[in-house]
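One structure is given below, encoded as structure tokens.
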Amino acid sequence: AEQKAHSCGDDASADGSADFADRASMMEVRLQAQEDEITLLKSSLADALRKLRLHDQLLPLLKQQLIAGDPESMKLSSAPESIDSIKMFIRGRPITMYIPSNIQNYEDLKMEPPFERLELDWVYGYRGRDCRDNLYFLPSGEAVFFIACVVVLYHINNRTQRHYDKHTDCVRCLTLHPDKVRMASGQTAGVDKDGKPLHPCVHIWDSTTLVTLQQIGLGAFQRGVGCVAFSFDSGAFLCVIDDSNEHMLSVWDCNKGTRHAEVKVRNYQELFCVEFNSNDSTNIITCGKSHVYFWTLSAGQFTKKQGIFGKYKKPKFIQCFVFSLTGDVLTGDSEGNILTWGKSAADVKTLAHEGSVFTLCSLQGGAVLSGGGKDRKIIRWSADLAPERECEIPENYGAVRTISDVDGEELLVGTTRNAILRGTFSDGFVAIVQGHMDEMWGLATHPSQNIFITCGHDRQVCLWKTEEHKLDWCITLEYGLCADFCPNGSVVSVGLSTGRWMVLDLLTREVVSESIDGNEQLSVMRYSPDGSFLAVGSHDNFIYIYNVTESGRRYTRFGKCNGHSSFITHLDWSKDGKYIMSNSGDYEILYWDVAAGCKLLRNRFESKDREWASYTCVLGFHVMGVWLEGSDGTDINALCRSHSERMVAVADDFCKVHLFQYPCPKPKAPSHKYEGHGSHVTNVCFTHSDSHLLSMGGKDTCILHELFFFMLASDKL
């Protein structure tokens, strides 16, 4: 009766929480709608004020022409009205685009996708911060791990990568078949561009050929797949736990793709691990928050025994488990203990770590490795759990998330700070894979070298070498949101979330200059083509202009562009370095005469023929065709024109990278579309030679390095 009452209380609590969440969600939607309406009204008011100012400027001239009675003069004054222009609409707001003089017949323009295509060359990063048991070593010499939507096969000696890229959303779990060739990987559900949920599933695939052998459970799982495991005998069966509230456990026939059985594991409680018993494939073990369950599968039905902690304190979390040579289950928990379980009771407790035991790994011969959280230690235990050796990984890599055995001596270690380490107890460990740990926004490529810089919410500013595919250096600052290299290539400027910005020397990593503009976040840093000016775009609606001297090491305020009615999102310099084109959060396109003292050019048609040194503004005539019909203005986060001015790459809010021809001025322009990211794509950038394109995901902390190749006309047909 107590259990029933407790269950009812839980249900009521859950219903109340769901009710509150629904109401809160509705209020957030209403608030967002009101904010959108205010933004639209502000931008409409700004438009009206600009038109009034323009009218006031033109009225005296018009009066003079009427008095003079000069028909030629009157004809000239009305020229702006006769200029061909087109309108695009974003969230109901009309945006006028003036057609350049060199386009005579706009309606006859034909848009085609570029001849160039992309193929994935390298993936930077590893998902260790919130995933477990996601690092394996193959007989081929490859480490297998995942990040975003890609499973990476990285040869640790040859330093080459292959990629399994058939997933449509973030990969969450991974397991290796007993034959050491086949793999199974599960993904989250995700949503399409219209917000409709997509079905999660498990892919079974061949690690040699990268061919998908079976797709398991499409439409059967909710939210995502949290854990997967093959049976130990012949790997004929796969057990899966989904991410629904009930955490459904199901067993599938790997060859037929059919479900044998299904059962609810636990309501609203975390589940961390599932495995078939190594000696009996009718037995399955699961663990998670305050529990270990021993399941028996018979005639398509599950029966459950709960692990009894007995004289030992029940830990808050059971994080991991492995099987001993005798078939006992060894669990690692949040109290730092390794518990040895008999049939379903904890028999022996071994204090292993200060803080949580995050992972356990069985070695041939019965030895066991344990990885600690707080103490960051890796300990080798004998078969009877006597400590043999231990080491501690460096603090900057975080805690030990998972361990994979290479040859009994050498190990691979995945960490909570998204790094993979390689090493031994004797020689220590070095990083072979590194990545960011939180949302990324800042990306810039060097003007002449094969290096690029990234920054994000993890406070890390990282310089990467594209030829060696490795991190060169990393320093800690505040939240970094934007960056740009000085054209001379010796320094890089980084804009932060506090309005502060810094200039770093690439060789010494020292801060050679710093300044602060306002107290809101900076969204764009952009040097003029000759490096004599730096433009800093801020969320306080201003663009700050600085004179740059001493090879990019000295900065003095030149002026401030004041005229936007919302925060600055993107800006570009003209090729002569005298003008700036800028976009803002309320979809304005403004032009500035920097040489004339940061003067706003009120007649935008005067800038229609101006040539731009870069093109990153998402709104403009030359890139109008990248917007889909019905776009809300935030669907495109970034774009970048190639140095050859033949292509434009687009980063969208739906995890996609698009490649269009440049210019791209007509609606519904065709493009090549590329997947791989599992989050909104925040930035894209071409390398200095246009040989590669870099893209970064926001929350997926993944950087994709993609190689260009040419598609022949015959292939296109």
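Placement of Cβ uses the backbone N, Cα and C atoms for every residue, glycine included.
Annotation comment: TrEMBL describes 135-156 as transmembrane segment.
According to TrEMBL, the feature domain 'EML-like first beta-propeller' maps to 160-423.
Taking Cβ pairs closer than 8 Å, the repeat 'WD' (433-467) reaches residues 122, 124-126, 129, 143, 145, 147, 154, 417-420, 473-485, 487, 489, 492, 494-495, 504, 506, 682-688, 692, 694, 696-699, 701-703, 705 in its own chain, all 6 or more past its ends. Among the features that TrEMBL reports, repeat 'WD' is placed at 433-467 (among others).
Taken from TrEMBL, the feature domain 'EML-like second beta-propeller' covers 440-704.
For the repeat 'WD' (561-602), the mean pLDDT of the prediction comes to 96. TrEMBL lists 561-602 (among others) with the feature repeat 'WD'.
With helix defined as DSSP H, G or I and strand as E or B, the repeat 'WD' (561-602) counts 0 helix, 22 strand, 20 coil.
For the repeat 'WD' (433-467), the DSSP counts in helix, strand and coil order read 0 helix, 19 strand, 16 coil.
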